[in-house]
Structures are given as C-alpha cells and as structure tokens.
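Engineer: I am attaching a structure below and will ask some questions about it afterwards.
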Protein chains: 2
Amino acid sequence: MSGSKQLKLGAFMRPVSIHTGAWRYPGALPDANFNFPALKRFIQKLEQGKFDAFFMADHLAVLNMPINALKRSHTVTSFEPFTLLSALASVTEHIGLVATASTTYDEPFHIARRFASLDHISDGRAGWNIVTTSNPDAALNFGLEEEVEHDERYVRAREFYDVVTGLWDSFADDAFIRDVESGIYFDPEKIHVLGHQGKHLSVRGPLNIARPVQGWPVIVQAGASEAGRQLAAETAEMVFAPAGNLEAGKALFADIKKRAWIIGRDPESIKILPGALVIVGETVEEAIAKRKHLDSLVHYDSGIASLNGALGYDVSGFDPNGFLPEIPETNAGRSSRERIVALAQREKLTIRQLAQRVGSYGGLSFVGTPQTIADEMEKWLIEEGSDGFNIMFPFLPEGLNDFVDKVIPELQWRGIFRKDYEGKTLRENLGLARPANRFFKSDR
Amino acid sequence: MSGSKQLKLGAFMRPVSIHTGAWRYPGALPDANFNFPALKRFIQKLEQGKFDAFFMADHLAVLNMPINALKRSHTVTSFEPFTLLSALASVTEHIGLVATASTTYDEPFHIARRFASLDHISDGRAGWNIVTTSNPDAALNFGLEEEVEHDERYVRAREFYDVVTGLWDSFADDAFIRDVESGIYFDPEKIHVLGHQGKHLSVRGPLNIARPVQGWPVIVQAGASEAGRQLAAETAEMVFAPAGNLEAGKALFADIKKRAWIIGRDPESIKILPGALVIVGETVEEAIAKRKHLDSLVHYDSGIASLNGALGYDVSGFDPNGFLPEIPETNAGRSSRERIVALAQREKLTIRQLAQRVGSYGGLSFVGTPQTIADEMEKWLIEEGSDGFNIMFPFLPEGLNDFVDKVIPELQWRGIFRKDYEGKTLRENLGLARPANRFFKSDR
C-alpha cells in the first residue's frame with residue numbers, strides 16, 4: 001500500500017492528561033506533573049509507536065477559576081515546556097518535540113534562541129506552537145493591567161514570527177568554517193544583522209546561535225478564528241485548530257489549504273492535525289463505558305468553571321437548568337466561544353449539561369475499538385477532513401498504551417501509518433521542506 | 001581527616017572553553033558548541049569527579065567586537081542554558097545544574113517557572129546565577145535603545161529576586177493532597193497569590209508549578225562591584241565574584257561574609273567560589289608550556305577586542321606599545337574595569353601586553369602539577385581565601401579529564417574533597433539549608 005496517503009500523528013500532552021477528571025481514573029498517575037520518570041516512559045512509548053511529535057500544551061498562569069473548582073484541578077502545576085522537552089530530548093532519538101510559546105508575553109530573541117538550541121540538542125526535532133495567549137490572568141503575571149485585545153495580539157504574533165524566523169537566519173548554513181590553521185571560526189560574510197524595527201518589536205540581532213538543524217523548527221498554529229486561520233495560512237506547517245466533527249474538519253481543511261494556496265504556498269506544506277480524544281475498548285460498549293466513568297469523575301464545580309473559562313464569560317449566575325443566554329463579545333479566544341455556543345444550540349444543552357460536557361472535554365473524540373477508531377481516522381484522511389491528528393489520551397498511562405499497542409498496529413496494517421520513521425528530523429517525518437535562508441543562498 | 005574543611009567545586013563552562021584560543025588547541029573539539037553528545041560526556045566526567053555543579057555561562061547577544069576579532073571567536077554560537085541544562089539533567093544523577101539568567105532582560109514569572117521546572121526535573125539540582133547583563137548590544141536585542149544604568153540594574157535585580165523567590169513560595173510544600181476519593185487535588189488554604197507591585201515589576205502570581213524540590217534553587221551571584229557585593233550578601237548562597245590572587249580572595253571572602261553577618265545571615269550560608277583556570281602538567285614546566293601554547297593561539301585582533309569589551313571602552317585607537325590612558329566611567333561591569341586597570345598598573349603592561357593577557361584570560365589561574373595545584377587550593381581553603389572554586393578548563397576534553405583524573409584524587413587523598421556525594425540535592429551537597437516558605441509553615 002506504499003504511496004497511499006499517510007496519517008501524521010502528534011500526541012497533545014499535559015502530564016496527567018488534558019481531561020479534568022483523569023487523575024482520579026483507576027490506574028492513573030495523579031502525580032505525573034511532578035514525576036519526570038513517568039513523562040520519560042510516556043514519550044518513549046510514543047516513540048515506540050512512531051508518533052511524529054510530542055506536543056506540550058502550556059499556560060502562563062494558574063487557570064482562572066473559582067477556588068472550589070481550582071482545588072480539584074491537576075492543571076495548577078506542570079513542567080515548563082522548554083525544560084521538559086529538552087530533558088526528554090536526551091532520552092529519545094526520533095520523536096518531534098513541539099513546545100507552546102507565547103508571542104504576547106515573551107521576547108523574540110529568547111524564543112528564537114531556545115527553539116534553535118532545542119533543535120540543535122535534539123538534532124532537528126523541535127517545533128514551535130505559536131500561541132497569542134488568551135488569558136487575562138497571564139497579563140497580570142507580566143506587568144500588564146489589561147489583556148492585549150484579540151486582533152492586536154495576532155498583529156503582534158505575525159511580526160513576532162517574522163523576527164524569530166529572521167533571527168534563525170542570522171548565520172548561513174555553511175557559515176562555520178572552524179579552520180584551526182588560520183584561526184577563522186566563521187566566514188564574516190555569512191552573518192546577518194537583522195535590524196528589525198516594527199510596530200510592536202525592535203530587535204537588532206544577530207542571534208547568538210547557529211542556524212537550527214531544520215533551518216527553522218516546524219511552525220505550529222492552533223487558532224481557528226479569522227485572524228488565527230489567516231496566521232496559520234501564512235506561517236503554519238502544522239495546524240492544530242479544533243474541528244468537532246468530520247464536516248467541520250473538511251471545511252477547516254479546505255479553508256486553510258485554500259488560504260495558503262492564494263498566497264502562493266503549496267497546500268501540501270501545511271499539515272492539518274486537529275486534536276482528537278481517543279478512548280479504546282475491547283468493544284464499543286466498553287469504550288463508551290470508560291468515557292462515562294471518566295466524565296463522572298468531573299465535579300460540577302469544575303464543569304462550570306471550565307465553561308466560564310472557555311466562554312471568557314461567567315455564566316454561573318444563570319439557572320443551570322436553563323439555556324445559555326446571549327454571550328457578549330469578549331477578549332477570550334473567539335473560536336472557542338463560537339464552538340461552544342454552536343454545540344449548546346445544536347444539542348439543545350442546558351447550562352448544566354454544557355458545563356459537564358465542556359468540563360470533561362467537549363471536542364472531537366473517537367471512542368470505540370481499534371477497528372472503529374481506525375475506520376474513522378481513515379475516513380478523515382481519505383475525505384480530506386485532516387492530514388492526521390493530535391491525539392489526546394483520556395488517562396495515562398493506560399490510554400496512551402492502548403493507543404500505541406492496539407490502534408497503531410491497526411493503522412499500520414491498513415497502510416496509512418508508518419512502520420518506521422522516514423527521516424531524521426521532525427520536518428522530514430512530516431514531509432516538509434527545509435526552508436531556505438532568506439539572507440543567504442546555500443548548497444546544503 | 002573527616003571534619004576538616006571541605007572544598008566545594010563548580011565547573012564554569014562554555015561548550016568549547018572560556019579561553020578564546022581553546023578551539024585551536026590540539027585535541028580540542030572546535031564544534032563542541034554544536035555537539036550535544038560532547039557536552040554529555042563532559043558533564044558525566046564531572047559527575048564521576050564528584051563536582052558540585054556544572055555552571056553554564058551565558059550572553060544575550062553576539063559579543064560586541066569588531067568583525068575581524070569576531071570571526072575568530074567560538075563564542076558566537078552556544079546552547080541556551082535552560083535547554084542545555086535540562087537535557088543534561090536526564091543523563092546525570094547527582095551534579096548540580098546552575099544556569100545564568102538575566103534580571104534585566106527577562107520576566108520574573110518565566111525565570112521562576114523555568115528554575116522550578118528544572119529543579120523538579122532534576123530532583124533538586126538547579127541553581128540560578130543572577131546576572132544583570134552589562135552589554136549594550138543585549139539591550140538592542142530586547143527593544144531598548146539604551147542600556148539600563150549600572151546601579152539601576154542592581155535595584156531591579158533585588159526586586160526581581162524578591163518576586164522570583166515569592167513566586168517559588170506560591171504553594172506550601174504540603175499543598176498537594178491528590179485525594180482521589182474526594183477529588184481534592186490541593187488544599188485551597190495552601191496557595192498564595194503574591195500580588196507584587198513594585199518600582200520595576202508588577203506580578204500577580206501564583207506560579208503555576210509546585211514549590212521546587214529544594215524550596216528555592218540555589219542562588220548564585222557574580223558581581224564584585226559595591227552594588228554586586230551587597231546583592232550577593234543579601235541574596236547569594238554561592239558567590240562567583242572574581243579574585244585575582246589569594247590576597248584579593250581573602251579580602252573578598254571577609255567582605256562578603258561580613259556584609260552577610262551584618263544583616264543577620266549565617267556567614268556559612270554563603271559559599272565563596274571564585275573562578276580559577278587550572279592547567280595540569282606532569283611538571284610545572286610542562287603546565288606553563290601548555291599555557292604559553294594556548295595563549296599563543298589568541299590573535300592580537302581578538303585580544304584588543306576582549307580588552308575593549310572588558311573595559312567597556314574602545315582603546316584600539318591608542319598606541320599599542322604605550323600605556324593605558326585614563327578610562328572614563330562607563331556602563332560596563334565596574335568591577336571588571338577596575339580589575340583590569342589595576343592589573344595594567346601593577347604589572348606595568350603596555351596596551352598590547354594587556355590585550356594579549358585579557359584576550360587569553362587574565363584572571364586567577366593555577367598552573368602546575370596535581371600536587372602544586374592542590375597545595376594552592378588547600379592554602380586558599382585554610383587561609384579563608386575561598387570555600388572552593390569554579391574551575392575553568394583551558395581546553396576540552398583534555399583539561400577537564402586531567403582535572404578529574406589527576407587533581408581530584410590528590411584533593412581527596414588530602415581529605416579536602418568528597419569521595420562521594422553527601423546528599424541528593426545541590427543544596428545538600430553545598431551544605432546549605434532548605435529555605436522555609438515565607439508564606440506557609442511546614443513540617444517538611
């Protein structure tokens with residue numbers, strides 16, 4: 001079946017799981033967010049399963065929720081992405097390492113440098129998930145009294161991307177001569193001073209690290225709003241925007257690839273990998289029962305807090321048995337709010353039902369046997385709903401082990417997932433070209 | 001000889017070496033700043049030698065020197081400290097990991113979080129070398145047109161330290177209950193919102209990571225100016241201020257310990273570990289010859305550039321065969337400038353001679369046999385010149401291997417250096433107490 005379309009798979013990770021109730025699930029590791037050896041086992045298992053990437057989610061504040069919900073949340077403590085992924089780099093050989101980093105609350109010089117360093121340390125396995133950070137509490141941790149407005153965050157993000165990629169190109173790929181005899185370490189014609197002066201940023205450069213192994217680490221983007229999709233079309237190589245079902249997936253897939261095509265990019269140079277929660281059972285009924293058990297571990301206080309967070313608006317004052325009122329425009333991620341409002345209307349959910357759904361993960365999920373899960377994934381692949389998925393595991397390690405031991409072999413048997421890594425770098429495994437240096441031609 | 005005073009030893013590292021000519025030395029690895037496997041071998045050798053810490057120097061810009069000197073410098077590319085030390089954390093078990101991080105060009109929330117994360121990943125081996133970054137080119141990489149003035153940088157550093165340590169104390173040590181039955185993850189009475197509002201910084205908190213394993217990572221400080229010494233006395237647990245000879249070392253030792261005592265700190269809670277370049281030979285003559293060979297590999301263009309950098313003032317227009325003119329007050333590290341002016345006057349060096357010395361490393365060095373080197377170190381220890389040293393290796397791997405294989409056994413035989421690690425954390429190995437949480441009492 002060689003030559004057929006191939007799924008790309010990332011693992012979208014929080015140490016304990018992305019699911020609020022996961023830490024209480026039988027066999028789970030409630031302390032995984034303190035437990036580096038556990039994370040090491042997780043990533044090594046993913047590498048055994050030939051995953052493209054380990055994708056580390058992030059937040060720049062303790063999530064904004066009432067204390068009676070917060071006290072139930074394992075999200076208040078987690079490893080920081082750069083330290084975690086760097087530590088995992090030296091205990092793995094093939095799997096990509098995607099770190100979330102904010103363009104609103106960090107400096108392009110730091111971001112460019114850390115990703116370049118991670119790329120050198122991992123021999124070409126780094127990826128940058130560009131986020132603009134919609135969380136008013138994050139602003140307060142960085143000296144701002146008020147959050148930067150949604151669209152302005154995206155304007156800054158675009159400029160930030162230009163600066164970071166420009167800094168990565170500070171040295172030509174072949175700049176470093178290291179001629180011991182003459183004492184010349186690098187060719188002085190092959191260093192570039194960026195000298196960026198823009199609306200939001202002023203950065204001189206050059207970056208004090210050689211060009212990354214991949215040229216540029218792989219660019220990942222998750223925004224699904226108008227501004228988010230446009231940023232993705234212009235910059236992203238992997239898109240993680242959510243798609244709740246196949247129809248939504250197809251629409252997103254077509255939209256992003258078309259936007260890219262319009263500005264002259266090859267649509268194949270962007271891989272669309274929406275997030276998907278996968279729960280595996282011996283039978284479909286067993287898988288559904290696992291999910292019900294997992295969701296039952298989410299307290300209502302946590303559910304309503306998650307709903308408020310996702311909406312960027314406090315609805316806890318309304319009757320939980322009534323329907324969602326009109327929600328005013330807020331500064332929260334626009335696409336998240338719109339998706340939840342649509343879900344409530346489509347399924348006619350009360351606020352209580354909606355809170356339980358959102359609190360327990362309200363997005364795309366595949367719940368079934370390895371065969372039914374593979375059926376769904378194959379359908380998405382063939383019908384151009386996506387190029388693959390960022391898999392979310394419901395609980396760890398069981399959910400992860402089930403996926404690697406049961407679903408991966410099924411996908412491999414069908415010829416839609418690799419049996420071994422094709423390349424050495426994340427970029428090569430994803431089938432992405434190495435970007436040329438914008439300031440220097442190279443023979444490399 | 002148990003109970004006698006014990007040396008503490010850090011390794012002050014740049015991947016290729018701190019010496020400008022090192023990459024050209026026979027057997028050196030000119031590509032070590034690209035070569036993670038080499039760094040892994042270096043740190044594992046240091047751990048075999050029972051070193052307290054691997055101490056990673058840093059710069060936030062390509063060093064400011066003319067292109068004809070820059071092109072000879074291996075410093076233009078290096079791994080970033082957090083990514084490097086995290087990657088090294090997972091291939092070591094005992095050695096401390098000290099990262100340099102700037103209080104002028106970073107955010108306390110990021111710094112607190114990364115060090116906490118590194119401390120959790122390494123099981124209590126992180127240390128923070130607080131620097132204020134005296135480099136006008138760094139300012140230009142972070143959107144500032146002009147460098148922040150020297151003393152103001154130290155005012156901000158002090159406030160930054162208060163914020164970072166406050167953020168580390170966001171959770172009580174025993175906050176995390178993880179009670180699966182009741183669904184309570186942490187005790188809501190044991191989270192603290194910092195709410196800092198100061199002259200330079202405004203940071204709400206809490207930090208989104210549990211208190212570090214060490215309570216606080218070990219605090220390291222290198223400044224030797226008046227402001228730097230005072231900051232060290234108030235905050236540092238390891239002092240890396242330079243001391244060019246034993247008399248200067250004794251004066252620094254006495255001054256810092258006294259300053260600490262005056263403000264109520266136990267002088268034993270600060271370990272003074274000046275940097276020392278160590279070159280080992282079978283005979284003293286062979287060691288001196290190694291140094292001469294090494295220094296001869298530094299080009300004059302590099303020497304004058306280093307001198308200008310250290311002075312914060314361009315003296316290349318003056319007659320190289322004349323003496324140093326009066327240097328006006330600059331924004332560069334004050335202590336560095338004063339030390340060099342004193343060296344020139346003491347040894348009556350011309351600008352050329354001074355440039356060659358500074359370009360080839362002008363600070364404290366021990367050049368001799370394992371016995372003569374151990375004699376000098378023991379003298380420093382006994383006469384209270386220092387509590388130990390941050391060793392700089394002249395070239396790698398040879399200089400490092402020589403130290404571990406030849407000098408360490410001599411120090412151990414004399415009973416002034418450990419044969420095995422005493423504790424599990426860096427703090428325990430250095431003999432430092434675990435700081436109490438300023439917001440919570442704990443039984444831990």
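For all residues, glycine too, the Cβ spot is worked out from N, Cα and C.
Unlike curated records, TrEMBL annotations are generated automatically.
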Engineer: If TrEMBL gives A:Thr100, A:His150, A:Tyr154, A:Ser225 as binding FMN, which of A:Asp52, A:Asp58, A:Asp187, A:Asp266 does it give for that site as well?
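Structural biologist: So, going by the record in TrEMBL, that would be A:Asp58.
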Engineer: Mind computing the max CA-CA distance among A:Asp58, A:Thr100, A:His150, A:Tyr154, A:Ser225, which the record assigns to FMN binding, rounded to whole Å?
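Structural biologist: In whole numbers, the farthest two Cα atoms are 19 Å apart.
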Engineer: Would you count the other C-beta atoms found within 10 angstroms of the C-beta of A:Asp58 (FMN binding site) for me?
Structural biologist: 19
Engineer: Give me the count of other Cβ atoms within 10 A of the Cβ belonging to A:Ser225 (FMN binding site).
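Structural biologist: The answer is 20 other Cβ atoms.
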Engineer: Summarise the model's confidence over the domain 'Luciferase-like' (A:25-379) as a mean pLDDT value.
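Structural biologist: The average pLDDT of the model in the domain 'Luciferase-like' (A:25-379) works out to 93.
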